Amino acid sequence: MTEHVSNRPPRGAYIHIPFCDHICAYCDFNKFFLKNQPVDHYLDALTQEMINYSELGPAQTVYIGGGTPTALNNRQLERLLDDVCRYFQADRVKEFTVEANPENLTDEKLQLMKDHGVNRLSIGVQTFDDDLLRTIGRAHTAEEARAAVRRAQQAGFDNLTLDLMFALPGQTETSLRESIATALELDTPHISIYSLQVEPRTIFHNLMKKGELRLPGEDIEADMYGQILFELEKHGLRHYEISNFARPGYEGRHNSLYWSNEEYYGIGAGAHGYVQGMRYANAGPVKKYIDAVAQFGRGRSSVHEVSEDERIEEQLFLGLRMMRGVSIDTFARKFGRTLDSVYGDQIADLKKRGLLVEQDGRVRLTNRGIFLGNDVFEAFLLS
Amino acid sequence: MSETKKSRQERIRNFSIIAHIDHGKSTLADRILEATQALTEREMKAQTLDAMDLERERGITIKLNAVELNYHAPDGETYIFHLIDTPGHVDFSYEVSRSLAACEGALLVVDAAQGVEAQTLANVYLALENDLEIIPVINKIDLPNADPDRVKQEVEDDIGLDASDAVLASAKTGIGTDAIMQQIIDKIPAPKGDPEAPLRALIFDSLYDAYRGVVVYVRIIDGTLRVGDKIKMMATGKEFEVLEVGVSTPKIETRDALSVGDVGFLTASIKSVHETRVGDTVTGAERSAAEPLPGYRRMNPMVYCGLYPIDTARYNDLREALGRLELNDAALQYEPETSEALGFGFRCGFLGLLHMDIVQERLEREFNIDLIATAPSVIYKVVHTDGTTEEVGNPSEMPERKFIESIEEPYVRATIMTPNDYVGAVMELCQRKRGEFQTMEYLDANRTHVIYDLPLSEIMYDFFDSLKSSTKGYASMDYEMHGYKMSDLVKMDILLNAEKVDALSVIVHKEFAYDRGRAIVEKLKELIPRQQFEVPIQAAIGQKVIARSTIKALRKNVLAKCYGGDVSRKRKLLEKQKEGKKRMKAVGSVEVPQEAFMSVFKMSHDD
């Protein structure tokens, strides 16, 4: 017998705030200029969805992302946090994260979040190089980012994570090294550092099509990534996922749900969720989302029932993103077959190529496999 | 008013339309169909005669078509027009000559802005050889840059035709259509021929139909062709019983018989177009003609390439698809071939590069087979040291140098028409392509014919593109085969990861080997994606490496983000990556993309 995921309610809730004061050159998330948006109606719709989903059960992690959640004014932010506490039972939430941009992380907002049980802030720093910040279209300086982190720490948030980026256009290895050094000085227990991915429908993508985007290229990108792994590990931030580093005990719980192939509620315009064996996407445009919620109580625009094969694939290509890898026992328990019976050939081949190892009852990426993760993940697609 | 009633034969006019690509042949054909009310408006789609998708996309005619049209003339008579369409590309010049042989006249359509082009000239000469009456039509006179007087003068000077009666027309708007119809009646002679003589019918096209077998398009020169007749193909000697005769109007209409001057089709349970070769004569099996019609020639491929399925499991599908195309394409040849790098495939012969492109595209499009095509090769004549001779159409089969006494390669005689300002550029290009200057003819104050003998292999390598770019698009060219000449040629092998890839071998002139080798390894470096390990690329003649490059090992390929729980997006990215690899061919341990195999060919103009 296989143990079906929907036997227990989703353990996490992602809530999307699609509004921004300005648009960053690399961003392809669902986002809109804040000005003239029906923010209050949007928050009404979020409330509706929260009521709707919370009937299925409480969440242990809540993650409010964007867009820019801190672009909401104090009143709007308070109302949102009130609703989360009411419907997802704040006392049972173990990790409550809000994404924040340095320029609007005011003392008032920090206090508001503290009072509502927010216990983790993800601060969008991206880089501590002012020239690069301008290049990528951020509205803050390096100094403002540093000050925001200090303010958060003074407000009593110890569980902070910084979002950084590398392989940015014009970024040098020196600039990256300095940004890392600054980040480490700030002594946060968690850092996410993402390589730039130029996605369709972004400012960067348009520049690239015109041949005006000068990216560092694969070799420098690989060097940078190697440097990041080395520097952060040296300072006690353990590399636990492709792009994530944490002091032991500070690994992001919410994101770990994704990688562990667990279910989560997705709430808000353009949010993605995984509930009762269904992966779904909400309508992206704000108006469309609000209308959908008004009509159906939920904002879904597409739903996909995940097949057994797909669940198996996802167990691997998501699970292997984590450095601890995928448990052979968990796989067998979850799917009623051994990992070897499904993927024996692929695993043997990947081992031979030095991309995968098996150790202590788990398969995981080798150091080489970390750099070439997509080639490993691809091997686990069944069809 | 109405004259004495003319006989059917006297009322027949057989003609085709000669035009350079884009000069408006299809549009004019449409106007003629309208003027004869062959189709109702609802049935009229633009450019009716070009039926195949590919033809429409490329604006060229590949397969011929003939229609019978009734024209109610102002003189009260109803004339029977047979409009025979011709392909518009040098690869198919033999087919053009046969369809012209089925006519008594031709409309020569010349763009009022572009003027006469070399390829038009070539077809006009074919028409003149067949004693056709030529009616010049200056088309597109409504264009702002039209210069009908200049173009008329060109027609007189370049072709030597009397252009004083040339029709000024705009096929697009219908200007001049009536005048064209009148000239067809007045100038083109009615067919001669004896209806009582033994049957002689010229095959000018045939196509395979899954239900009826081969449909043979014929022009009756002598005699009468009736349903039930026993017929014989004079060149192939094959005999059949006629099941059906008829015409296309362009709707298919069956008839009891076709007689002198008629242009129509016959079917006779014929299994393959190879039994009904273009140019052959159909005669009665019992009452045979003494002599076939002149001009029959078996078409031989000029260009060869290897075609391999990317997915080796689809070899049989490819064989079946080639078999299906062959039913309809008498010029296509293929035989099984094995490549160490590519596995099982076919060496295929084509009339030219366009023919090759068309076949490849049809295989991919109509039969859904992803192909790897090796670079096209001409046929070399190799004289061995022991005196024996061998024809080699696959570079990888070129014998070792120590067994070769000499190699000959096919040459063409190319006639390039260019504005005088570009004569220097044209000559420079021809020299660079190993051309041998023959002569130059001054056509008028502005234009010159430059005539060169060139190796066919050099013509294949982007010669047309280079010609266009070095003359700002003004030069045009035509060529004909011109025998074989001895050349100092060598085989160049390409090695990936120290392994020779037979499908990438090329024959090159010794003098250009170094540059070509370097260009090819650089191009391959660009086209082959990074692999899990470093891949050296080498170009070698025999054991001697003459150029090398290295594809660096893949260093980083991992998606940074999970997009806020959007797993389907990550899945799509992985699926796309996997799909991309399926379109690559594993050569040894190296994944090589489809287009890399052609690169040795596409490359060559930069040398």
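The first residue you see is number 1, and the count goes up from there.
Placement of Cβ uses the backbone N, Cα and C atoms for every residue, glycine included.
What TrEMBL says about a protein is an automatic prediction, not a curated fact.
Not measured: the values here are computed from a predicted model.
Sequence-distant neighbours of B:Gly24 (GTP binding site) (same chain, 6+ apart, CB under 8 A from its CB) are B:Val109, B:Asp111, B:Asn139, B:Lys140, B:Ala171, B:Lys172. The secondary structure of B:Gly24 (GTP binding site), as reduced to three states from DSSP, is coil rather than helix or strand. Annotation source TrEMBL lists GTP binding site at B:Asp22, B:His23, B:Gly24, B:Lys25, B:Ser26, B:Thr27, B:Asn139, B:Lys140, B:Ile141, B:Asp142.
What TrEMBL records for B:10-192 is domain 'Tr-type G'.
Here the binding-site residues are B:Ser26, B:Asn139, and the one ringed by the most other CB atoms within 10 angstroms is B:Asn139. Binding residues for GTP (B:Asp22, B:His23, B:Gly24, B:Lys25, B:Ser26, B:Thr27, B:Asn139, B:Lys140, B:Ile141, B:Asp142) extend across at most 17 Å, taking the greatest CA-CA distance. For B:Asp22 (GTP binding site), the number of other Cβ atoms no farther than 10 Å from its own Cβ, over all displayed protein chains, is 14. In this view, B:Ile141 (GTP binding site) is surrounded by 20 other Cβ atoms within 10 Å of its Cβ, with every protein chain counted. According to its DSSP assignment, B:Ile141 (GTP binding site) is coil. Confidence for the domain 'Tr-type G' (B:10-192), expressed as mean pLDDT, is 83.
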